[in-house]
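**Student:** One structure, as structure tokens, below. Some questions next.
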Amino acid sequence: MLPMNRNTLGLAVTIATVFVSSTVTAEVDFHGYVRAGIGISGENGQQVRYQSNKVGRLGNEDDLYSEILLGKELYSQDGKSFYVDSMMALLSDGSNDFEGTNTSCELLKNSAGDVDDVSCDNDAEFAIRQFNVQAKGLIPSNPDAVSWAGKRYYQRHDIHISDFYYWDTSGSGAGVENLSVGTGKLSLAVLRQDSGDINVNNFDIRYAEIALWQDANLELGFNYGLINETDAQKAEVGEDPLMLTAEITMANVIGGLNKTIFQYATESYGEQMAGLGAGNSPDATSDDGIDGYRIINWGVIAPTKTWEIGHQIVYANSSFDSQDDHSIFNVVVRPMYKWDENMRTVFEGGWFTEEDNKVDSSGSKFTVAQAWSAGSSFWARPELRVYASYLKDYENDNAFGIGNDTEYNLGVQVEAWW
């Protein structure tokens with residue numbers, strides 16, 4: 001349990017009051033996510049993380065991360081409903097028994113052995129990730145449309161095997177989603193995503209479920225970052241960024257699914273293309289004249305009853321007026337062999353090459369894990385895994401400490417969602 005300061009305690013009391021109100025008899029919805037474990041590396045003490053978005057996350061994570069979601073329908077009458085949703089998140093390095101938000105500090109010494117600085121860190125970070133109300137049935141012509149306001153994860157698109165979010169505009173805001181328009185579904189939202197102390201609002205428009213051919217559909221998206229600077233900030237801000245997204249989803253592809261994504265963006269969103277950003281939290285001071293694009297393909301297939309294979313392929317480029325291009329190409333593959341309903345052997349290999357303003361970098365990772373899960377599906381969780389990973393950096397001889405361009409991780413991890 002986290003030690004509670006006054007603000008944390010007040011928040012907890014508020015949440016509890018909402019969800020246990022005697023005037024509402026519906027059960028509380030309880031969902032969550034957790035990853036945690038223990039591991040060591042060859043040269044760096046505990047297990048290390050190396051470019052996990054580019055080479056894959058299996059056996060390549062060094063944290064304890066959890067999300068706890070509580071939700072409750074507060075009203076349901078005459079086809080109208082109101083639902084309150086909340087989520088708290090906790091992040092730590094998992095190094096101790098009692099990890100809280102109390103700050104721990106250490107004195108730092110210079111080369112002469114004299115104390116000349118202090119470094120302070122929290123054992124754990126606690127965050128409010130979602131707190132919103134979603135209302136359904138308020139639009140008579142669109143009874144399935146959802147009107148919402150508050151802070152929320154907003155229609156996030158990611159690749160699980162690398163934890164790469166390529167379209168994620170989450171934040172505080174408001175909108176209407178799932179409007180039936182033509183043959184598809186329209187969603188409109190505005191979300192606040194400040195850049196430091198500069199106010200930025202992301203206008204998000206999506207049109208989904210556009211039928212293409214059998215078992216295939218298209219989603220289109222437009223994001224516009226409106227920089228709302230003060231008079232004093234006008235000299236330091238750049239141009240408003242925009243991002244266009246097209247995602248084709250195909251079901252029943254060799255027993256699985258496949259997604260192909262095309263994205264084009266300008267200004268600070270353009271910078272995020274090769275930077276593997278998600279189209280949120282733009283840098284309002286970013287240099288003008290940036291264009292970026294990326295092409296992504298990812299999916300999971302089941303070629304036989306005993307094998308499932310996940311993959312991602314990403315190519316991205318960002319062009320600047322003031323410097324040379326930033327480009328990246330990466331591939332991650334995760335094959336899984338199922339021994340029975342609960343035991344599997346999982347492999348993951350990843351490789352990337354990158355050039356950023358004429359600076360080259362590249363690396364790879366290979367992991368083998370023996371795992372036990374609640375079911376045989378690629379997506380079955382909870383999953384307990386024992387893993388060994390080999391990491392290699394091809395450009396930096398000191399990537400893992402002085403004179404070390406390779407490293408290994410050995411560890412045990414659990415991953416669960418519910």
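If you go along the chain as it appears here, the first residue is 1 and each next one adds 1.
Placed from the backbone N, Cα and C atoms, the Cβ positions cover glycine too.
Sharing the features that Swiss-Prot gives for it:
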type: SIGNAL; residues: 1-26; note: signal peptide
type: SITE; residues: Tyr33; note: site 'Greasy slide, important in sugar transport'
type: SITE; residues: Tyr65; note: site 'Greasy slide, important in sugar transport'
type: SITE; residues: Tyr165; note: site 'Important in sugar transport'
type: SITE; residues: Trp379; note: site 'Greasy slide, important in sugar transport'
type: SITE; residues: Trp417; note: site 'Greasy slide, important in sugar transport'
**Student:** What's the number of neighbouring CB atoms sitting within 10 A of the CB on Tyr33 (site 'Greasy slide, important in sugar transport')?
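**Tutor:** Total other Cβ atoms inside 10 Å, all chains included: 16.
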**Student:** Tyr65 (site 'Greasy slide, important in sugar transport'): which of the recorded sites Tyr33, Trp379, Trp417 have a C-alpha within 10 angstroms of it?
**Tutor:** Tyr33
**Student:** Show me the subset of Tyr165, Trp379, Trp417 whose Cα is within 10 Å of Tyr33 (site 'Greasy slide, important in sugar transport'); these are the recorded sites I mean.
**Tutor:** Trp417
**Student:** Given the recorded sites Tyr165, Trp417, which one has the fewest other C-beta atoms within 10 angstroms of its C-beta?
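**Tutor:** Ranked by other Cβ atoms within 10 Å, the recorded sites Tyr165, Trp417 bottom out at Trp417.
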**Student:** Long-range same-chain neighbours of Trp379 (site 'Greasy slide, important in sugar transport'), Cβ under 8 Å, sequence gap at least 6?
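**Tutor:** Trp379 (site 'Greasy slide, important in sugar transport') has long-range Cβ partners Val300.
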**Student:** Just to be sure I understand the packing, how many Cβ atoms besides its own are within 10 Å of the Cβ of Tyr65 (site 'Greasy slide, important in sugar transport')?
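**Tutor:** Its Cβ has 17 other Cβ atoms within 10 Å.
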